[in-house]
């Protein structure tokens, strides 16, 4: 069918709609057992659909990744190994990875559906209303985020892409850390083309210098996120900024202080400890989580 006649008959049904017989023996490991409902997101290398499992009715997010176009064989193997690690994570504040399989020449990842807003939407909402987020609310969400990251780090898994858009908040106020950074598996020629997609406000100095990512790089991002919840913008945000000046600001840890009349010394100090140019001097996630628990307890009761 040519494009024109296709257009006259309305949008084409995605070819991965299940036309196959159900495969109860395969569980979540085949497209035949899912009904695709609608596209809910797209990334640089993937598209995400809301879907329902036809076996048990569970709503899921189905992420389809162009694994063969964008990766070499080693990266594919590493990516699949990493997803197997993610499937072992089991925590109320981490988006659950149910299954992954290759079908129709794509990597399909079946995830818990985070059918709610995310932290970036909440920050925008407060900004629009010209109001700061109350400190007790900051700790209420941040403590859950720390709990999620502590679980991941204790299983030797790094997140690699902590930012407000990847922190989902359910209707009942439960934080779900999602979209774990698999981007590093894509070929360098692909990522080079995308290096300016989404300004890297959360990139640590060691990543700028390509010194590799480690657990302390997640802590840098955690500090940037705590700062953004308080200031309603990234510590390194600037209106008329190019990548070079952003990298300079990050290297020098050049960011405006948080207002001391609105936020506690503890919050401001924790931000400063996490946003430290030397990864060795940043605290580990257990320390950050302990501070968050203490502050959540004392602000929730006040």
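Backbone N, Cα and C atoms are what each Cβ position is placed from, and that goes for glycine too.
Residues annotated as region 'Disordered' in Swiss-Prot: 1-21.
Residues or ranges marked as region 'NTE motif' in Swiss-Prot (evidence: experimental evidence): 20-33. Per-residue pLDDT, averaged over the region 'NTE motif' (20-33), rounds to 91.
Taken residue by residue with DSSP, residue 48 (ATP binding site) is part of a strand. Residue 48 (ATP binding site) counts 19 other C-beta atoms within 10 Å of its own C-beta, drawing on all protein chains shown. Look at Swiss-Prot and you will find 40, 41, 42, 43, 44, 45, 46, 47, 48, 63 tagged as ATP binding site, backed by a large-scale study or a structure entry.
The local packing around residue 161 (active site, proton acceptor), expressed as other Cβ atoms within 10 Å of its Cβ over all shown chains, amounts to 18. For 161, the entry in Swiss-Prot reads active site, proton acceptor.
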Neighbouring C-beta atoms (10 Å sphere around the C-beta of residue 44 (ATP binding site)):
14
Run through the Cβ atoms and count how many others sit within 10 Å of the one on residue 42 (ATP binding site).
12
For the region 'NTE motif' (20-33), how many residues does DSSP put in helix, in strand and in coil?
6 helix, 0 strand, 8 coil
Could you tally the C-beta atoms, other than its own, that fall within 10 angstroms of the C-beta of residue 46 (ATP binding site)?
19
Cα-Cα distance linking residue 44 (ATP binding site) and residue 161 (active site, proton acceptor), given in Å to the nearest integer:
14
